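If you check TrEMBL, you get these features:
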type: DOMAIN; residues: 2-118; note: domain 'PLAT'
type: BINDING; residues: 17, 79, 80; note: Ca(2+) 1 binding site
type: BINDING; residues: 39; note: Ca(2+) 2 binding site
type: SITE; residues: 103; note: site 'Essential for stabilizing binding to COTL1'
type: DOMAIN; residues: 118-674; note: domain 'Lipoxygenase'
type: BINDING; residues: 368, 373, 551, 674; note: Fe cation binding site
């Protein structure tokens, strides 16, 4: 009688093991086996992290094994089980791998195919076609689209984390409880004594040090010491945590009526302002998006305010970017003066603080939330709905959407919901953040997610003209490494452009992203279909880069750049100044966040800047969804390319007072999960 050796690997995460009964059936080309109970006497089967082997004897020859069916039945209480993979040794000595990497819950079952990636056209056998179809039908019932707010990209239909399919939940929900994590962060930072002191102002700038954790030789300490200086202000637009807004100015904005006479003490080349513009030395950051956004009114005891500044910057002879003019609202007029470096010290300082506060709002809500979190969730939902586990693109992308839908669901549950944590400290809380996302959708285009194109669109591509833009330099290196890797994987499975165009599951995935994620907006430029291998490679690069590198660049520097409150105020408690010569240090301190809001802000940026426990970084694929040698070799080359980038960045950062490391691949998590 034929005998098979079945090896079963249980996950190593918390609660992965089970005491339930596990049954296995084999489906072959010549017949099906009976259901076999996998159980060894006097042995605790399927413990967390265990790899167990069993001999399964069948009555007759089964032929080529096509499917393995696993069933779980209750022993005492329902006990979820995380199955990593099954390996089958056939009577002929062949080994077949069946990747799973899924939870089996309740009296559940899972039917697995061997690990060879297959396009729909590769499946000619009816039972395999049927398995493929059933898997997608089941997933489409589990992963449903929902509109969380009008005009937003659609998200997962789940009110809270526990409503999500078990496969995409966090291993431990406690680990991503925002309320718990923010409170814990405040405790760790020894600032919890201030956390309830709303409406209580600080006495002066030095007073903020009471909640500032001084860690020597860090970026945050350098920010604290130099935040008032113009070069530090300008540097943050290049390499801070929101390095995506600055653009080369090709024509002075009509709504900013600045003249050469006003700024001539800042210009170093004996040229007029217009000539400096023509030479490419003038840059602009425009916060027009904030114009008319409602400020937070959730606390009747504290008035909160927003502005919509325009900031003009100049590349001086030392190639440093420095501010030369700031107008705090969009429409010029007597009560909206243009502030200049030549103005009184506190006039200029308060104008810069308003710009930094505005930058914080756009960073949190648009650069971070919309353009990494929500976009990655769209890719993730579409992937689960339209690509079966055997599809090579599913195998490629699944690591890059790990926990993304879960973290976003938790954010909608606790953070950005009505009366959520976002309302506690942010001037855009209470609905302003929703208005911002709705407005920003018009600028969310496919081209703007293609890193090289986005850099060019802002006129920031020249390394010679703008030598200290490390976000650009490192981002291009990582983008190219990802693009090379995706192109290699695409070439393995798609031998021609025609195969891409005729892959129905791939086309449904792309269409789902366009129709539901981008709400069918033609102006978004998102493709409705893909026609070539090159297009597919670029599309996959966008998905992976957005989830990994782009998110890392705008997320993990938050404590560095935003922990010194005056450098990134989450709210302002007085309106922008309408005249010059009247600002005092007392007014500035009274405008800045009170003690309570400062503490919640600090807890937030600390918690958001931490890596997950057991973080998986770019190039790490511990779940072996792919079993084919050519793909494993492509992954090895990808890792080698990334290691070379790590070395380059480390060499450049040597002896730098302000090192830039957010896009070093060893610091880029695979997915948006925090």
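A Cβ is built for glycine as well, from the same backbone N, Cα and C atoms used for every other residue.
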Sort the recorded positions 39, 103, 368, 373 by C-alpha distance from residue 80 (Ca(2+) 1 binding site) and give me just the closest.
103
One residue among the binding-site residues 39, 80 has the fewest other C-beta atoms within 10 A of its C-beta, namely 39
Top Cα neighbour of residue 17 (Ca(2+) 1 binding site) in the set of recorded positions 39, 103, 368, 551, 674:
103
CB-centroid shell, 8 A cutoff, Ca(2+) 1 site 17, 79, 80, site residues removed
15, 16, 18, 19, 20, 46, 81, 82
Top of the binding-site residues 368, 373, 551 by count of other CB atoms within 10 A is 551
Whole-Å Cα distance, residue 103 (site 'Essential for stabilizing binding to COTL1') to residue 551 (Fe cation binding site), is 27
Roughly how many Å separate the Cα of residue 79 (Ca(2+) 1 binding site) from that of residue 373 (Fe cation binding site), to the nearest whole number?
32
Rounded to the nearest Å, what's the C-alpha distance separating residue 674 (Fe cation binding site) and the residue listed as 'Ca(2+) 2 binding site'? Just drop the number here, would you?
39
I'm trying to understand the geometry here, so how far is the Cα atom of residue 373 (Fe cation binding site) from the Cα atom of residue 39 (Ca(2+) 2 binding site), in Å to the nearest whole number?
43
Averaged pLDDT, computed only over the residues in the domain 'PLAT' (2-118)
95
